[in-house]
Amino acid sequence: MAIFTDTALELTKDSRPAPKHSERRGGENEFEDYDTTLLENRLSVGDFEKIQSAFECKRKLKPTKAIEARKSSAMSPGWQTGVYCAFVQSLMNVHWKMKIARSSEPKRTICMSRDEFMQRMTETIGWGTKEEYGELFDKVDVARDGFINWDKLTSFILLSLYEKDERTKAMVVPQWNDLEFLPGKHKDTIQKVIFLKSSSRYLTISKEGLLGLWGENLKLQETLPITSDATKLKHLWVTSLVSLENVNKIAVAFTTKEICFYDLLSKEDFPCQYKVQGLKGAPICMDYWYHPLDANESVLSFGDITGKVQAIAFTAALISLFERPASDCEDEEATTTITWAELVSGSHKCCYVLQHALHHGAWVRQVTYNASLDAIISGTTAGTNSVVLAWREKSKKHLKMTSFNIAQGVHGFDYHSRLNLIATAGINNKVCLWNPYVVSKPVGELRGHSASVIAVQFFSERKQLFSFSRDKVLRLWDIHYQLSIQRIACPFPKSQDFRCLFHFDEAHGRLFISFNNQLALLTMKSEASKRVRSHAKAVTCVLYSSLSKQVISADVGSTVSFWMVDTGQKIKQFTGCHGNAEISTMALDANETRLLTGGTDGTVKVWDFNGHCHHTLNVRQDGAVDISQILVLKKTILVVGWERALTVFRPQNFNQFSIPSEEWKGGTKHHDDILCAAFSPPQTLATGSYDGEIILWNNSTENAYHVLHPDYQRQLNSKLDKEPQSLLGAEESCFTHPVAHQAPQNFDADTEGSNAVTRLCFLESRKHIATTEGATLVSCGGSGFVRFWDTYKKQLLAEFLAHGGTGSVIMSIDKLNKYLTTGATDGWLKIWNIEEYCLHSSKKKITQTPPLIRSWQPHEDRVSSVEICEAGGHVLVISSSADCSVCMTGLGDVPVLIFGQAKHWHIESCLAPPKGNMDLMKSECQEETTKVKSLSKEDPFADPSEHCLLSKESEDDITHSVRASEDINLLIPYKERNTYKKKADKLYCGESTHKAANAFRSLSIGALREVPEVNKPAFLLDPDKYFRRELEEEKPNVPARPLLSETLKAVFDEKNLFPKEILDRERKAKQLCEETSCEVKIKRNKKQL
């Protein structure tokens, strides 16, 4: 992969009017049109306090709009990111303080005329001229009422600040990483680049018909040739490609005057499902749109070399794009051929055709259907009718059109719906901005390119515009000022005959530029400086304490912070816990009264919640080590994460401050760094390493007995076995794969860490069903895969790709094993429903993903830790990241809350479910609480002398909180990894339960109690008192109703049912019809004579 440095990437900013004030944030210049000569820009918060007091008189106080705006925008992140947010916030605080401090005597605001306003303001504020206050009055009094009040003044100030803040955002210049060329297999010109939202993959297609599939990490995953039956491959050209997202298909246009539709969900490699043939000209550009609320409505538009613009409007896309003959319905894989004449004639009832030929033979360079305009926009390189807007009026078949005449024509265009502007890429080196309803002249011209512009695209969020010219220069324009704010010269090789393609993926901040068969990428740098920060440095791990209802987070600066989960308020903070060494992992003891922190200085420290360190566990004495996880068990504390070894600390040594480590009896069995561990009562321990091995241990004997790996299984030799040679047969009999005995011989096979195990978690809640089949262990790690294992049968049951192309992932599972949360290096989190996933064993490995509940991106950098917990009846997902933030959200579509934000929250209001589901959620929470209690009861047959480590008050058999933290760079080999790594992984495993085989042992069954004698109730002893019938009161005689036959005056017919006017109208219509038919018969007879 060729990567160009900053010297190869020319990045300059054009000259522009220098602002009066500028602020630098994260390497970005924010230009502000902040004119200090204006009176409203010189007023301070104290001045506004004086102005408000001048507008008040004694009566009822009316809440101002500023106060209401503060209430409505308190949770809005936009008010926290603006340039003037501090001033606005201060102004709001003044209103609140004045409202609280003011006496209970009712007041109201008054109105002032222009002269009164000028006089009172100069007297009240004490500075400024009357002319300046008069100008301010005229700006506020837009309606020319002749008077203003406090509400009008504050509305004007807030609106002006909002507009300035929006302009400031538009002036922010994006920062880019170095230009990077993506290695591909295309041999001819790349014709199109598209992004598939459903699978988070990119598709590229070249002129020779080679389709490339790229992952989220922009690694080429697969290439597939797409051919046509009409001609051989060497005579075939692919001209365009579009994605039909609502029906999971792609459409490809060919020079053979046909469009083929391929199914993305088919088991085979993109079979052709439909083929539209017989077009009048070869289509060279296409576009597809579907209705976001009704996916059945969609439009496929395309333009050809004859100047025709055509569109196929589908009305039942989810059912079928086209009608299939009965013969094709039997074979679903067969290709259905549709002729263009059939579509034009209307023989297919599920679609209809729209077309026009206003371009008069000029090649249609670009076409699109825009829903906001409800029109088809097309452009050509002709000077007349360069851009055409065509729309269809109701109840009319033909299209109405309007056109823009642009000198020398255009190569492309783009439309911004919010700005209502069409930008055109002119051959005359100009970028023009057009109002769709004004065709006479453009509303703006952007000059600066020295060659013809070949592509334009709006940066919608920032209201900016990209333009790319033939001399390989990319410019970014500010639409408000119509100035170039950035210029990038792309270092493509010099060539006279070349074709460039430009595509900006705004959602991911990726800009693709192709030069013939080469594909280049510019990635926008993340603007993490604008985010709310929970810590000053990157956060490595996060915990949740259910006892104190607090979130605990730690960072690389050795700082531990405590947050209230109900409000997000920081209540305390410990600094310098490990000196200058970073905290890589944390854990809580069984009673959640002690906090264990592990640092890169090779120590594990035991803290109370007052910041006092009780013990220091010395893992190693010879320099820094990487502690990836602390596992707190009943009798021991296990620490893993360096040189393939486990370190153990035992409770009998906890009578002193500094505690040395002891030897693990099982020795070293891993061949690479241990990254994580998990425990399942009564004695099963699992450890995962960087090379993908998962070793199962007997925690009582501290001996390993089996190795799990995605590619092999292996039986381990125990120290207690007296006949080691007999294990050979057992080893071969335990293999799940035929090559099991050969795989362990090559331990360097996974040098890139694609199988690295970063998290392990036992599914404890499944043990109460006493089953010996189904998944009991979950692992995740390298390449974004999550795997489910059966530890009884030593078998891999399922694996699925949770995050494609993002490298290593981490995970967390709730206590009831219903939800699995995964986090990736790109800041994305996903929640999966695993309640019924892999409950039974199967012969074939399952690759289907569990149901996806939610997918969102709360972070802008790598997710370092994730935790699922329950608080206040809500299931919460807490995550930390290298972007210095700790976020919290729920399972549904609820907002993402950031610890450390200025406005505290109330968890009940922020994460409240819909009213209709409240009763259902309460019942589910009660059931879940009952299950947890029943699973955590103490074993009556356990040794009473055993006690919990770190606290003697624990009543649980064993509770372990696992917090692993190690940032694994999968792009470099293991041997080259630095010892002082960045730690950022964490695993949480809930309360442990007894092994399924001991389910009946845990039951406490005693003698049945005698049933006490039950006294008869009073209603059985004296039934007359309760069931005696009261004497019925005499009821008055009610005469019987007469029969219907006696009261019916006439036989029912329709004349009695309908009004006379309707019957007369119907009679006249019949007479007129009869007269007309008679006249027709008479005329027909005359003609025959």
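Glycine is no exception: its Cβ is also placed from the backbone N, Cα and C atoms.
All TrEMBL annotations are machine predictions without curation.
Here is what TrEMBL records for this protein:
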type	residues	note
COMPBIAS	12-28	compositional bias 'Basic and acidic residues'
DOMAIN	128-163	domain 'EF-hand'
REGION	12-31	region 'Disordered'
REPEAT	446-479	repeat 'WD'
REPEAT	532-573	repeat 'WD'
REPEAT	583-610	repeat 'WD'
REPEAT	667-707	repeat 'WD'
Contact set, same chain, for the repeat 'WD' (446-479): CB under 8 Å, 6 or more residues outside the stretch: 14, 166, 169-174, 411-416, 418-419, 421, 423-433, 485-490, 492, 500-504, 506, 511, 513, 515
Composition by DSSP (helix, strand, coil) of residues within the repeat 'WD' (532-573): 0 helix, 22 strand, 20 coil
Counts of helix, strand and coil residues, the repeat 'WD' (446-479), according to DSSP: 3 helix, 20 strand, 11 coil
Residues of the parent chain within Cβ reach of the repeat 'WD' (532-573), under 8 Å, 6 or more residues beyond its termini: 77, 80, 579-588, 591-593, 595, 597, 599, 607, 609, 611, 861, 864-867, 869-872, 876, 878-886, 888, 897-902, 904-907, 961, 963, 965, 982-984, 986, 988
